[in-house]
Structure formats: C-alpha cells, structure tokens
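*Asks:* Structure incoming, see below.
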C-alpha cells in the first residue's frame, strides 16, 4: 500500500528527497471515491513520471451546497487499495484544517473561462478549485499534473491559472473514460437508482446526435434545442445547460467554425451529471 501522508511537512520531506535524487514528480488531484477514470490518470502519470502522488481531498471550498458536500462519498481505504494496484508512490490525504488552517484568507479567482456554464450554476465553485489546486501545486512541487477532460471547464481554468501565475507545472488533459454504453465515469454515478443508471447515457447520446446534426448543416440553435428536449424526454428532471462553446475560452459559438466543445449539465434522480464532447 502506498504511504498515506497527512501533513504538508510529511509531503514536503518526501518530495524533497525525490527532487534531490533528480526525479520527476507527477500529481493527480482527486476528491477520492476513485473509479477507473481516476486510475487512468494515475497510470498516465506512472508512465511519464518517476514519482506519482495522488491527492485525496474533499475540498469544502468548491461546494456551494453544504448537502452536496455532506453526501460526497468518502472511501479512503478502498481508494488506497486501488492506487496500490497502479503503483503510486504516495497518497496525500490531508484534513481540511491542514489545507485551510485558522486565519486562512486567500482566494484565487480565474476570470473569464470560469464564469459561464458551471461557474454560472455553482457560484464560487471555480474559486475553490483554483485555490486548492494552486496550493496543491505549491505543496507537491509537481512537474506534471493530470486532469480528466470530463471536467473540461475545470481543465481550462487550471491551464489559465498555471499560465497566468507562471506555475512551473505541465498540465496534461486525459481523455474521458466511459462505460460501454457511453456514460462518463463519475463518482456521482453511484448515487443513481438502477432505473436512473439505465437512462443516464441519454445525455451523451443527445449530445452526439446534436454534434452530428450540426456537422450535417443543422443550425446550432436547432440542434441544441432538439438535444435538450431529448434529454428531458429520456427522464432527466432538468437541463442546466447544453451549449456549444469554443474549446479554449468557452465563448458561445453561433455556428461551427474552429474547435468547438459541446458541454452539458443535467439532473437525473436528483444527481447532477456533467459531460462534454468535441465538435
């Protein structure tokens, strides 16, 4: 089993030894409740770095709903066993007070790319993400950091953060891992009922159909309206957004030109699912 480090001092001592030996360090930031998507990130890190740290921290600052924070699954022992199978070198699993000690007063906010979509529906969420990620990069002194493309907007926020603050870490986006029926892997999926789980792939199917329609000449507004209607018809309670945006800055796209990204968030069984695909 990989050692589970609880304090910044322990983590820094370990990393200092690695750096002194000239070894490269990769970090995979997670909130635990690990699944094959997370493990694919850890394997990618394992393949390209001498040392791999996986962080497990349910970050209270990125939840704007206290009930959501309370319900988030915490499965540390199971997570550590999964990470042992990948061969990670250390797990950093601090308590909230280790990351945000008494008197903590700094907030990192990335303007622009963080504001639409998730940013509009979850105020403060990306400030919480940017703040904890900036701290984790400082704590781990990582050379490379690995993030899933499933959280595309988060990936764009982190890339902007690193560029703007000259943080010396390379960000690697890794392809979304999906179930055989297309559903993107997510720690939230385990909260779906059996019926909800069967209906859940309708989200990505509607997105794929919209992408195909737009490539075939259907107008963007029409294709998106049809996709939203299809998601609701499949039994989803709400669609927060289903939009076509530029891939990098997430600006609205009125028609297909250049690299686009179709991004969606919808609620099923009271569980909020997000997904995105390239167009």
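Numbering starts at 1 and runs along the chain as it is shown here.
Every residue, even glycine, has its Cβ placed from backbone N, Cα and C.
According to Swiss-Prot, the protein carries these features:
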ACT_SITE  38  active site, proton donor
BINDING   31-38, 148-151, 177, 185-188  ATP binding site
BINDING   62  beta-alanine binding site
BINDING   62, 154  (R)-pantoate binding site
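Are these features on the surface or tucked inside, and what touches them?
*Replies:* For residue 38 (active site, proton donor), the same-chain residues lying six or more positions away in sequence with a CB closer than 8 A to its CB are 28, 30, 54, 148.
When secondary structure is read from DSSP and collapsed to three states, residue 37 (ATP binding site) falls in the helix class.
Note: residue 62 (beta-alanine binding site) has non-local neighbours 124, 125, 126, 128, 129, 132, i.e. same-chain residues 6+ apart with C-beta under 8 A of its own C-beta.
DSSP gives residue 62 (beta-alanine binding site) a helix state.
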*Asks:* Quick check for the class: what is the C-alpha distance, in angstrom and rounded, between residue 34 (ATP binding site) and residue 154 ((R)-pantoate binding site)?
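*Replies:* A Cα-Cα distance of 18 Å.
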*Asks:* Expressed to the nearest Å, what is the distance separating residue 154 ((R)-pantoate binding site) and residue 187 (ATP binding site) at their Cα atoms?
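*Replies:* Roughly 16 Å, rounded to the nearest whole number.
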*Asks:* What does DSSP assign residue 149 (ATP binding site), in three states?
*Replies:* helix
*Asks:* Using a 10 Å cut-off, grab the number of neighbouring Cβ atoms around the Cβ of residue 177 (ATP binding site), all chains included.
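*Replies:* Residue 177 (ATP binding site) is surrounded by 18 other Cβ atoms within 10 Å.
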*Asks:* Say we define neighbours as other CB atoms within 10 Å of the CB. Which of the binding-site residues 31, 34 has the fewest?
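*Replies:* If we count Cβ atoms within 10 Å for the binding-site residues 31, 34, the smallest count is at 31.
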